[in-house]
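Student: This is the structure I have questions about; it appears just below.
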Amino acid sequence: MSSHPIRSQYEDFLRHVSTHGVFKADRTGTGTTSVFGYQMRFDLNEGFPLVTTKKVFLKAIVLELLWFLRGDSNVKWLQERGCTIWDEWARPDGDLGPVYGVQWRSWPTPDGGHIDQIAEAIKTLKTNPDSRRIIVSAWNVAELDKMALMPCHAFFQFYVAPAQTPGGKGKLSCQLYQRSADIFLGVPFNIASYALLTHMVAQQCDLDVGDFIWTGGDCHVYSNHAEQVALQLSRTPFAYPTLSIKRKPASIFDYAYEDFEVLGYECHPAIKAPVAV
């Protein structure tokens, strides 16, 4: 049983879009109920924001984030570990083109070089934590047409609140801008993934965690998810669990799946739904 307060930011969001959204056609041909612009704030000191009104596949969230941090663009590494969440978009050889991990770790420069945005962000957090330029972008306009799927969670920024007591630690917050948000299937993954990343970066930079702020553009519920959403909204949320990171590796790129444990995850049963490809 978690000692954290019960929060329902995600469920309130899902209910808001289901109630106030407009019908909109979309690229997949499925149809959506959509609103434009929404924000949720999660205090990471109130628990790890893993949705509780349905069981969320935590293993896939952790593996996908580690895969991004590898700078990888081939699903083979994920498949070898039993994770198939990217298979629908992969080419026959498993490649996805220059997607998230490639842009995070090796954004191409005009002179033929590459920028490791994650390494640069960590370096700046350690040397100039008051910077307003600690940003990582996956939205590389010049390479969008080479990607199997254009970035949905496109851009994120870190912010350090100074220590409030002598000898205390600063607090690391992260804000994500997600241009396209599949609220039922995708957003629970995205919230947990960036909350996990914030914890990892905070550990590497000797900071405490602050808030994770999720900001969405086109926020939608697919028409073929309506029954699942109604079921989920009929359930009462539990308190969020606690994230434990068992060791501090030498760098942000050296974490392994076994380093993470979520304690006290009380949740309702999983709800299956089709993915719009």
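Just so you know, glycine gets a Cβ as well, placed from its N, Cα and C.
Since this is a predicted model, take the numbers as computed values, not measurements.
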Student: Among Asn45, Asn190, which residue does Swiss-Prot name as a further dUMP binder in the site formed by Arg27, Arg132, Arg133, Arg179, Ser180, Ala181, Asp182, His220, Val221, Tyr222?
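Tutor: So, going by the record in Swiss-Prot, that would be Asn190.
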Student: Count the Cβ atoms, other than its own, that fall within 10 Å of the Cβ of Cys152 (active site, nucleophile), considering every protein chain shown.
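Tutor: I count 18 other Cβ atoms within 10 Å of it.
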Student: Looking at the binding-site residues listed here (Arg27, Arg133, Ser180, His220, Ala276), whose Cα lies nearest to that of Cys152 (active site, nucleophile)?
Tutor: Ser180
Student: Including all protein chains shown, what's the count of other C-beta atoms within 10 A of the C-beta of Ser180 (dUMP binding site)?
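Tutor: A count of 19.
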Student: What subset of the binding-site residues Arg133, Ser180, His220, Tyr222 lies within 10 angstroms of Ala276 ((6R)-5,10-methylene-5,6,7,8-tetrahydrofolate binding site) at the C-alpha level?
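Tutor: Of everything listed, what lies within 10 Å of Ala276 ((6R)-5,10-methylene-5,6,7,8-tetrahydrofolate binding site) (Cα to Cα) is Tyr222.
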